[in-house]
Amino acid sequence: MEIVCEDFQKALTKIKLLRENANIIEETVQRSVREIVQNVRESRDEALSFYTKKFDGVEIKDVRVSEEEIKQASMFVESSFLEALQEAKKNIISYHEKQKRQSMFDCTSKGIIRGQIIRPLENIGVYVPGGTASYPSSVLMNVLPAKLAGVKKIVMVTPPRAGGIDPHILVAASLAGVDEIYMIGGAQAIAALAYGTESIPKVDKIVGPGNLYVALAKREVYGIVNIDMIAGPSEIVVIADETGNAKYIAADLLSQAEHDERATAICITTNIELAKEVEKEIERQLETLPRSEIARESINRNGAIFIVPSIDEALQLSNEIAPEHLELHIKEPMNALAYVKHAGSIFLGPYAPEPLGDYLAGPNHVLPTSGTARFFSPLSVDDFVKKSSFLSYTEGALRDVKHHIVELANKEGLHAHARAIQIRFGEEE
């Protein structure tokens with residue numbers, strides 16, 4: 001892991017290069033995804049079967065997981081896992097319940113009623129990865145806010161494995177309240193949810209993480225359906241002063257690096273001695289990590305430690321990065337919170353490590369990446385509702401403002417708009 005002692009602009013340039021390196025999207029992948037989406041749109045289940053055999057190496061007659069399979073899954077998971085899952089569910093619900101909003105009704109004294117109706121989406125699709133790692137936590141994080149919002153039907157898709165679907169995923173889906181589960185993955189699963197097939201229902205919105213093919217497929221179908229976000233590789237920035245614990249920081253950096261080779265792990269510190277200790281700790285901890293090959297590749301390609309003169313400058317640099325995860329290993333981290341402008345999720349102090357947010361604390365772990373924390377937010381209950389405005393005017397209320405409407409409509413050259421007002425008062429030209 002490279003230690004960089006440079007000025008702000010040079011450090012920022014280097015970080016941008018790291019991010020560009022982590023987000024290289026080959027044109028061949030985009031073309032392949034576009035072809036998959038088009039084929040599923042046209043050939044539907046036939047295309048799903050073809051791509052499942054091609055990419056997953058299995059032939060599946062019925063892609064829907066039966067109720068019996070879901071019930072049996074609980075026999076294959078540990079009681080400790082179920083206990084942890086239930087604790088996570090409790091915390092996720094208690095946090096997201098506070099995000100729920102009410103419809104608005106505004107009645108004035110002049111015969112005017114205005115308002116906003118908030119309604120849940122009818123149905124959504126949740127993508128759950130099934131590649132190099134299995135993510136039951138993602139099931140809870142994507143499904144529970146939707147349930148709290150009142151979504152009527154939740155469909156889950158996840159890639160098949162040789163022995164079926166990981167029972168931990170099925171147990172999480174059952175606990176969260178998923179209505180239907182399908183053994184289908186990749187870009188073809190996203191296309192199926194967007195357009196519908198003989199087996200898989202069309203949904204209104206698709207959420208959930210995935211690999212590059214899944215991310216590009218979501219981009220491809222956006223507009224046909226809504227999506228949560230186009231997630232890039234995982235990323236973490238740790239800001240540390242001389243009080244930072246090198247073991248903790250190294251462990252937290254590696255917690256993101258182990259996701260995949262394109263993940264980004266950056267430490268920004270005011271203390272060069274700490275930087276050296278973190279570098280050594282990363283090497284030491286890599287020796288015993290089961291996913292060390294992935295983590296090492298990530299650290300070598302997209303990892304760095306930046307030395308800056310002050311915490312103020314560290315915060316400026318972090319705001320320019322707008323990371324998915326930001327940890328503050330500094331004195332009085334709560335005081336620095338006001339100066340964090342752009343970050344998906346912020347972890348304050350040495351005992352609020354990123355995995356706490358990933359699994360148990362309650363805030364959502366579906367977060368904006370690749371600098372999009374400047375304008376995107378974590379997944380929330382709001383992502384599963386839509387809003388309609390409504391208004392009612394009495395004749396007198398409309399009469400009071402009609403001249404303003406006519407003036408504005410005529411100024412824009414939209415004379416039928418003006419006439420629609422005038423005709424109600426016998427003033428049409």
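Glycine too: its Cβ is placed from the backbone N, Cα and C atoms.
Feature annotations, reproduced from Swiss-Prot:
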ACT_SITE  Glu324  active site, proton acceptor
ACT_SITE  His325  active site, proton acceptor
BINDING   Tyr127, Gln188, Asn211  NAD(+) binding site
BINDING   Ser234, Gln256, His259, His325, Asp358, Glu412, His417  substrate binding site
BINDING   Gln256, His259, Asp358, His417  Zn(2+) binding site
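The Cβ of Asp358 (substrate binding site) has 21 other Cβ atoms within 10 Å, all protein chains considered.
Closest to His325 (active site, proton acceptor) in space, going by CA atoms and restricting to the binding-site residues Tyr127, Gln188, Asn211, is Asn211. Taking a C-beta cut-off of under 8 Å and a sequence gap of six or more, Ser234 (substrate binding site) has these contacts in its own chain: Gln256, His259, Asp260, Ala263, Thr264, Glu324, His325, Thr369. Comparing the binding-site residues Gln188, Asn211, Gln256 on other C-beta atoms within 10 angstroms of each C-beta gives the minimum for Asn211.
Every protein chain shown contributes to the tally, and the Cβ of Glu412 (substrate binding site) ends up with 10 other Cβ atoms within 10 Å. Spread of the substrate binding residues is 55 Å (greatest Cα-Cα distance among Ser234, Gln256, His259, His325, Asp358, Glu412, His417). Summarising the environment of Tyr127 (NAD(+) binding site), the number of other Cβ atoms within 10 Å of its Cβ, over all protein chains shown, is 27. Annotated pair Asp358 (substrate binding site) and Asn211 (NAD(+) binding site), C-alpha to C-alpha distance, rounded: 18 Å. DSSP assigns His325 (active site, proton acceptor) to a strand in the three-state reduction. Tyr127 (NAD(+) binding site) carries a strand DSSP state (E or B). Tyr127 (NAD(+) binding site) sits 45 Å from Glu412 (substrate binding site), taking the Cα positions as reference.
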